[in-house]
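K.L.:
Below are the structure tokens for one structure; questions will follow.
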């Protein structure tokens, strides 16, 4: 009987040795002693709760959560265990779970002001996070990007000005593009795309310019991309053809073939009917453009030596002599 009576007294002394004050003094030593105690008494809810406190002081919040969960399984109405569970969840940045845990503990003990304090902390952080998300969403909506393709590349342009190269991170994988940009205003812009077709990551690059960020993704094959993004099985891609070269889909509802536009402009210039000096100048330009090296040398030499009064294409003539100044009959040449 004497031995039986000594058991509870010994257990009480052991429990007293694990008070919060003693744990504060040396949490690591207390952790080791509590682990030994739990080996002897694996169903002691209070030991788990106190060991969780050791984990909190040592910054091991996940281990703390595991211990308080075990403590609450053995004693669901342990307010201290709920408080410590919420603290661990808070430090693990699981603010929603922490808020729920603190609210549960407050229902059990409304006089403990610790629950009020931690509930307010969670609410402040959650409200702050919502504000940050709203600011980020505003940034995302302001910044636009365009894309176009050539036979060998798909090019994305981010319309972001005055960004330093060190503030830009771009990642390439076979079917994914990610970009993170630190905006001068202090907000971040992120872009993540699941690409329609594969790219060659190691041959893909980006360039930071004063007015934009240009991302060039290398195509493994000269195929035409019908769109930028896509998932799953895609139809057999079409081979890239000249009639779609350098089309800029952009954010507009139409595409423009810039090569075709340049060709049309050149054709208009070629067929433009000029009169007077303009027609004569165009004729000289055409002669010079189509001429041989000797013709070009003759035109340059005659024009320079004559002060612009003679233009000859006969190199065998002007190459042997200095071309004299010869103004038109009704004009007089003067040197200024």
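From the backbone N, Cα and C atoms, a Cβ is placed for every residue, glycine too.
Checked Swiss-Prot, it gives:
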- 266: SUMO1 cross-link (CROSSLNK)
- 266: SUMO2 cross-link (CROSSLNK)
- 140-229: domain 'CS' (DOMAIN)
- 247-336: domain 'SGS' (DOMAIN)
- 2: N-acetylalanine (MOD_RES)
- 236: phosphothreonine (MOD_RES)
- 252: phosphoserine (MOD_RES)
- 255: phosphothreonine (MOD_RES)
- 302: phosphoserine (MOD_RES)
- 11-44: repeat 'TPR 1' (REPEAT)
- 45-78: repeat 'TPR 2' (REPEAT)
- 79-112: repeat 'TPR 3' (REPEAT)
K.L.:
Quickly jot the same-chain residues contacting the repeat 'TPR 2' (45-78) by Cβ under 8 Å, restricted to those at least six beyond its ends, or write none.
P.N.:
15, 18, 20, 23-24, 27-28, 30-31, 34-35, 37-38, 84-85, 87-89, 91-92, 108
K.L.:
By DSSP, what is the split of the domain 'CS' (140-229) into helix, strand and coil residues?
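P.N.:
Grouping H, G, I as helix and E, B as strand yields 6 helix, 50 strand, 34 coil.
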K.L.:
Let's check the environment of residue 302 (phosphoserine): how many other CB atoms sit within 10 Å of its CB?
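P.N.:
So the Cβ neighbour count for residue 302 (phosphoserine) comes to 23.
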